[in-house]
Amino acid sequence: MLKQLFGKKAGAAPSAAAAPSTDHTIPSTQDGDINMPDTLPKNIEVNRQPTEGDMTAAGLEEAAVGENHMFHGVEEMEAITMTWSKPTLVLAYVMIFIVYFANSMMSEVSSSLLAYVTSSFGKHSLLTTTQVAASIIGGVSRLPVAKIIDVWGRPEGFLLMLLIATIGLILMAVCQNVETYAAAAVFYRVGYNGMGYVLDVFIADTSSLRNRALMFAFSSTPFIATAFAGPAAAQQFLEHSSWRWGYATFAIVIPIVSLPMVVLFIMQRNKARARGLTKKATSNRTWAESAKYYFIEFDVVGLVLLIAGWTLVLLPLTLATYQANKWRSGMIIAMIIIGGLCLIGFVVWERFFAPVSFIPFHVLTDRTVMFACILSGVLFVASSML
């Protein structure tokens, strides 16, 4: 069963975030090599140059940064995948299940407590606005998270997202007004989405293509139980303590169940370094040079335009109902116009001016990628309406 899930060797699983090799040939399926499907698609030939239509998620980083460049985090993960034994890989998946269970439990508890939080501050009307703002920023944050784990590495990215989520939970537990709670909700949502994203990438890195969907389904099974357990747990907090302890409890639980995953990441990376498969990244840049480098590498200008654009466009959908003039309110009109201009500016910046773009536009013209994005968006809207 393990051989079917992970391939012949645990270290041979393909990396979903890895760029194609420089010779652009299809790897063999000999023992120790990267696992490939039993049969190749008819439109892909062995030992030929791949075309744009052949591009998959495995090549997005190379497409974005140039064919001869690979981020340190991607190279490091390729080396780490060669060090996994089946026992440690099974342990990693058990840890992933536990982390997903804790995070999904926290999400359900938070949703049940939100109405009591806003009403306790006399701002029940801000319930929807708080949710929308946190969801927008949390969703957009996945773009820089993808760049972070490519540049810095999976362990650093996961640890950073864990820290941000924990800060959000602590702020939720001690907040004294709804504005602080809204800011805390943004922190938590960014960390929560980021942790899930890093774990999803890890699953793609360590599972064979044939069984990847099964492993993603396995990681999602905690949501079945927490859909019922979460509201019940929230009710217990309200009856026997307070909503503050609901957040404080998970500010302790989430780090406890997540840190072992970080330790396992680091142990496997150290094993790869000991074998000479990868080495620690070094840089002779000064602090100022590093700040400039990361400002460009993470495309801060594009990120600000994107977050501001979506926030200013979507927030009026909830704020308009609380305005005296509804959609004729000057504030609502200004937000929509400025938000639209920010989104237009984002496209122009990314297409023509960004030194490093985190959106490979030529890849988005691929029909598979385009319709996958459309389908994901439709499913998200449908689930939000339920």
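Here the Cβ of each residue, glycine as well, is placed from N, Cα and C on the backbone.
All annotation found in TrEMBL is predicted automatically rather than curated by experts.
The annotation compositional bias 'Polar residues' is assigned in TrEMBL to 22-32. Here TrEMBL flags 88-386 as domain 'Major facilitator superfamily (MFS) profile'. Per TrEMBL, the feature region 'Disordered' maps to 13-43. Annotation source TrEMBL lists transmembrane segment at 88-106, 126-145, 157-174, 180-202, 214-233, 245-267, 293-315, 327-349, 369-385.
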Subject >> For the domain 'Major facilitator superfamily (MFS) profile' (88-386), mean pLDDT (0 to 100) >> reply: 85
Original post:
Hey, would you say the transmembrane segment (293-315) packs against the transmembrane segment (245-267), going by three or more CB pairs under 8 A that are 6+ residues apart?
Top reply: no
Subject >> Interface-richest range of 157-174, 180-202, 327-349 toward the transmembrane segment (88-106), CB pairs under 8 Å >> reply: 180-202
Original post:
With pairs 6 or more apart in sequence, are the transmembrane segment (157-174) and the transmembrane segment (245-267) linked by at least 3 Cβ pairs under 8 Å?
Top reply: yes
Original post:
Going along the chain, which residues at least six beyond the ends of the transmembrane segment (180-202) come within the CB cut-off of under 8 Å?
Top reply: 16-17, 92, 96, 99-100, 103, 106-107, 110, 117-118, 121, 126, 129-131, 133-135, 137-139, 141-142, 145-146, 149, 154, 157-158, 160-172, 216, 219, 258, 261
